[in-house]
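Participant: In case it helps, Swiss-Prot gives these features for our protein:
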type     : residues                       : note
BINDING  : His381, Cys387, Cys388, Cys395 : Zn(2+) binding site
COMPBIAS : 1-10                           : compositional bias 'Basic residues'
CROSSLNK : Lys161                         : ubiquitin cross-link
CROSSLNK : Lys274                         : ubiquitin cross-link
CROSSLNK : Lys338                         : ubiquitin cross-link
CROSSLNK : Lys338                         : SUMO cross-link
CROSSLNK : Lys375                         : SUMO cross-link
CROSSLNK : Lys375                         : ubiquitin cross-link
CROSSLNK : Lys385                         : SUMO cross-link
CROSSLNK : Lys402                         : ubiquitin cross-link
CROSSLNK : Lys405                         : ubiquitin cross-link
CROSSLNK : Lys412                         : ubiquitin cross-link
CROSSLNK : Lys413                         : ubiquitin cross-link
LIPID    : Cys395                         : S-palmitoyl cysteine
LIPID    : Cys396                         : S-palmitoyl cysteine
LIPID    : Cys465                         : S-palmitoyl cysteine
REGION   : 1-150                          : region 'Disordered'
MOTIF    : 284-294                        : motif 'Nuclear localization signal'
Amino acid sequence: MAPPRRKATRKASETASGVSAPCVEGGLSAEPSEPAAVPEAPRPGARRCGAAGASGSRREKSRLDPREKPQVRARAARAEDQAEGPAAPTADAEPPAAPGHSLPRASTRSRGTASSARARRPQSGPPEGPGLGPRAPSPHLGRREEAPGAWKPRAVLEKLKLSRQEISVAAEVVNRLGDHLLRRLNSRESEFKGVDLLRTGSYYERVKISAPNEFDLMFTLEVPRIQLEEYCNSSAHYFVKFKRNPKGSPLDQFLEGGILSASKMLFKFRKIIKEEIKHIEDTDVIMERKKRGSPAVTLLIRKPREISVDIILALESKSSWPASTQKGLPISNWLGTKVKDNLKRQPFYLVPKHAKEGSLFQEETWRLSFSHIEKAILTNHGQTKTCCETEGVKCCRKECLKLMKYLLEQLKKKFGKQRGLDKFCSYHVKTAFLHVCTQNPHDSWWLYKDLELCFDNCVTYFLQCLKTEHLEHYFIPDVLSKQIEYEQNNGFPVFDEF
């Protein structure tokens with residue numbers, strides 16, 4: 001039997017009016033620099049990849065098999081100063097799960113030759129994982145002289161503190177909204193009966209800055225006995241099939257040729273929420289216009305103050321994590337092997353984030369998400385169990401992440417699209433931060449008194465990622481290398497996109 005046709009939609013030439021959904025951390029909404037799913041040479045009997053395969057307008061496939069290309073990056077030796085020893089269990093990065101980051105490029109095409117670009121790439125990081133980009137400087141190597149009139153990070157952090165009163169009001173409104181939607185989705189007539197509510201994102205990770213005005217709520221639906229079919233060797237996007245779907249299942253209506261359609265489920269999910277918010281008392285809430293490619297249904301609470309809430313539908317699978325994550329989550333030297341094993345026994349999630357190929361979207365695909373693992377890591381971030389507890393030593397890890405997020409936020413406000421900063425998302429900063437934590441695992445390297453130096457090290461690492469255009473996804477490390485191979489084999493079409 002011929003494989004089912006896959007729907008494809010062409011990206012609109014103009015964005016729709018209305019407020020765009022904010023970038024959701026943990027990979028749950030469209031990261032501006034998210035690489036497209038990587039096409040591969042057709043194989044006998046393989047499913048045709050990409051929206052183009054469904055519409056008949058196929059993109060040109062890679063001229064060379066990526067497997068014939070030599071290894072671009074060499075594994076770096078462990079730095080001699082890297083201390084070793086058993087790590088105490090403590091509980092990253094959406095994250096979640098999201099495709100790896102090929103960092104955004106500026107609008108100019110004057111980039112030099114491909115060989116010179118490859119020569120600039122740094123060697124890989126620690127042995128765990130295929131490569132983590134540039135080596136982050138270790139705080140214990142020495143302190144820089146403080147410049148006259150140097151900035152005061154603690155004063156900035158004080159300004160970023162959230163008001164307890166604001167937190168209380170915002171949390172009450174958002175929790176009431178979430179509970180109301182949960183009851184409706186679990187009602188007898190709902191196709192989503194059995195969903196659970198998972199609160200994720202920067203607010204619940206306690207790294208929210210400035211104001212409690214953005215929240216993420218993930219509604220998870222367990223789907224037992226599913227089979228994943230990787231989309232175009234992308235490592236992050238998948239078609240979802242049921243190994244055995246009971247007759248009369250409410251999910252039958254979302255099947256298309258045996259594939260669980262992400263677009264159909266998201267459409268129905270959005271429709272239910274749109275109707276239900278009309279019945280929420282004492283809350284002025286509206287739904288924002290759908291953003292192409294985003295898995296989130298964005299609600300705007302207008303009173304008592306404006307709060308943006310991203311509602312995400314996620315499939316929950318308790319099967320083993322996909323093979324593409326095998327070399328990801330490099331936390332053994334930081335949080336310990338036991339913690340890593342425990343985290344990898346947790347479920348993984350799939351969100352209706354469509355794979356993108358050029359200007360086309362494959363609307364039946366789902367994308368991996370690990371936002372719950374990121375939350376667990378940031379909650380228990382110390383190598384010792386008592387790090388940042390009442391009786392323990394306080395570190396400055398979260399403070400560094402807050403400052404990095406604020407730095408990017410302020411630069412985007414100042415320059416916006418003028419310098420291409422709109423292509424960056426706080427998840428890029430978060431991913432870089434997690435790699436610095438991996439390379440500098442010891443709590444003694446993150447003492448609160450060394451905040452200035454630790455933050456400087458984080459910024460230095462991120463700068464190196466920008467200069468080399470290399471930032472590896474924390475959970476799916478091979479995503480970036482596959483995308484680069486595709487670009488190299490096809491004359492770097494990405495240069496024409498900006």
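The first residue you see is number 1, and the count goes up from there.
Just so you know, glycine gets a Cβ as well, placed from its N, Cα and C.
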Participant: List the other residues in this chain whose Cβ sits within 8 Å of the Cβ centroid of the Zn(2+) site residues His381, Cys387, Cys388, Cys395, in sequence order.
Facilitator: Gly382, Gly392, Val393, Lys394, Arg397, Lys398, Asp443, Trp446
Participant: So among His381, Cys387, Cys388, all listed as binding-site residues, which is physically nearest to Cys465 (S-palmitoyl cysteine)? Use the C-alpha atoms.
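Facilitator: The answer is His381.
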Participant: Fill in the CA-CA distance, Cys388 (Zn(2+) binding site) to Lys274 (ubiquitin cross-link), as an integer in Å.
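Facilitator: About 41 Å separates the two Cα atoms.
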Participant: With helix taken as DSSP H, G or I, strand as E or B and everything else coil, how many residues of the motif 'Nuclear localization signal' (284-294) land in each class?
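Facilitator: Its residues divide into 0 helix, 4 strand, 7 coil.
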Participant: Take the Cβ of Cys465 (S-palmitoyl cysteine) and count every other Cβ within 10 Å, whichever protein chain it belongs to.
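Facilitator: Total other Cβ atoms inside 10 Å, all chains included: 23.
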Participant: Minimum Cβ neighbour count within 10 Å among the recorded positions Lys274, His381, Lys402, Lys412, Lys413: which residue?
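Facilitator: Checked Lys274, His381, Lys402, Lys412, Lys413; of these recorded positions, fewest Cβ neighbours within 10 Å: Lys413.
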Participant: Any idea what the Cα distance is from Lys161 (ubiquitin cross-link) over to Cys387 (Zn(2+) binding site), rounded to a whole Å?
Facilitator: 21
Participant: Reduced to three states, what secondary structure does DSSP give Lys385 (SUMO cross-link)?
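Facilitator: Where Lys385 (SUMO cross-link) sits, the three-state DSSP reduction gives coil.
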Participant: Could you check which of the recorded positions (Lys375, Cys395, Cys396) sits closest to Lys385 (SUMO cross-link), going Cα to Cα?
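Facilitator: Checked the recorded positions Lys375, Cys395, Cys396; minimum Cα distance to Lys385 (SUMO cross-link) goes to Cys395.
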Participant: If you count other Cβ atoms within 10 Å of each one's Cβ, which of the recorded sites Lys161, Lys338, Lys375, Lys405 has the most?
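Facilitator: Most Cβ neighbours within 10 Å: Lys375.
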Participant: Quick check: in three-state DSSP terms, what is Cys396 (S-palmitoyl cysteine)?
Facilitator: coil
Participant: Could you round the CA separation between Lys338 (ubiquitin cross-link) and His381 (Zn(2+) binding site) to a whole angstrom and send it over?
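Facilitator: Each residue's Cα considered, Lys338 (ubiquitin cross-link) and His381 (Zn(2+) binding site) end up 14 Å apart.
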